[in-house]
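Taken straight from Swiss-Prot:
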- 29: site 'Transition state stabilizer' (SITE)
- 35, 36, 37, 38, 224: substrate binding site (BINDING)
- 69, 125, 126, 127, 128, 129, 130, 131: ATP binding site (BINDING)
- 131, 163: Mg(2+) binding site (BINDING)
- 175: active site, proton acceptor (ACT_SITE)
């Protein structure tokens, strides 16, 4: 993170002409288990990772917000918080920031303008929530600069609202919540219905290894929407608000009445919810053998029932599983049809995992992977006062 801090400080001074007063960060995240459960009111188990979005900031006495984006060649966006805050077609990055500020104002928070320089190293397009980290770090920045009475959960909800309503992208609450509330060496069990969170301790030093298949994700939006509709149809047939409310026993009693495809989709969600709650218990007990079994079952369910994995992802999972055996776990993570796998790997096996993947994945698929070795990190907060 030190390089990011240097970059935002330098660009702040270079473009805005004076030194910032505060450094703030918010992390990206990876979901350990609980896939496609969020929009079914279910459970997820993500952790924050040591890839962050970092802001250098200072407050202004007037109502102008100026933002410098280091990652877009020091591009600048400027707006007045007393005027209508509008969507920028030609500066997509700026809309996340505008949206967060607009939503904070709509929630009744009072503040003046600010100068902000922002940069991140959360890999974009890998499904590690670079956009949520940006939304959360901006909310955190206004909290810090103006001593706003806003909880971490509300910073997360405000970010989600900005993404849904201002940017116009549908997302659940998981990404913002873990970025805002993560804890070092812990995962977070999140109930997507009540928004209750619970910190779940992880074995000390356990590496969180994320491997991007670099498979271009086609069809992901249309397939995602289809899965969502199938889950809603299943919930309707069971007469419940969401599949969260169906037990596996109830499912088995009624499975014959369901369309075969709808049944497969529903079975994934119902069993995945149970697995996620049990995974939190296994992780807390540092029972990596059981955690590994649950992650393997999750992957098989995504592959066979939810049908969202692809050959490249299955290949990566098999390569990693051979190395870690029952000392850790591995599965696809994210929406599917490409993207990443996540593995919980004992530190002593990290180099072996990397070596095996580098030796076998490209040979099998023709694609070159990207490997990120992470640790579970703290969520958003103040890094330093300058």
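Including glycine, each Cβ sits where the backbone N, Cα and C put it.
Features as recorded by Swiss-Prot, highlighted on the structure.
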residue	record	CB count, 10 Å
29	site 'Transition state stabilizer'	32
35	substrate binding site	26
37	substrate binding site	28
38	substrate binding site	19
127	ATP binding site	23
129	ATP binding site	29
131	ATP binding site	23
163	Mg(2+) binding site	24
175	active site, proton acceptor	28
224	substrate binding site	17
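Note on proximity: of the binding-site residues 38, 69, 131, the one nearest residue 29 (site 'Transition state stabilizer') is 131, by Cα distance. Residue 127 (ATP binding site) has 175 as its nearest neighbour among the recorded positions 35, 37, 175, 224, going by CA to CA distance. Largest Cα-Cα distance over the residues recorded as binding ATP, namely 69, 125, 126, 127, 128, 129, 130, 131, equals 21 Å.
Following the DSSP three-state reduction, the secondary structure of residue 131 (ATP binding site) is helix.
It is 18 Å from the Cα atom of residue 163 (Mg(2+) binding site) to that of residue 224 (substrate binding site). Of all the recorded positions listed here (35, 36, 38, 175), 175 has the Cα closest to the Cα of residue 69 (ATP binding site). For the binding-site residues 126, 128, the greatest number of Cβ atoms within 10 Å around a candidate Cβ is found at 128. Secondary structure at residue 126 (ATP binding site), taken from DSSP and collapsed to helix, strand or coil, is coil. Its Cβ placed at the centre, residue 69 (ATP binding site) has 21 other Cβ atoms within 10 Å.
Residue 125 (ATP binding site) counts 11 other C-beta atoms within 10 Å of its own C-beta, drawing on all protein chains shown. For the binding-site residues 36, 130, the largest tally of other C-beta atoms within 10 A is found at 36. Among the recorded positions 36, 37, 175, 224, the ones whose Cα sits within 10 Å of the Cα of residue 129 (ATP binding site) are 175.
Note: the CA-CA distance between residue 224 (substrate binding site) and residue 125 (ATP binding site) rounds to 16 Å.
Of the candidate binding-site residues, 37, 125, 126, 131, the one lying closest to the residue listed as 'active site, proton acceptor' when CA atoms are compared is 131.
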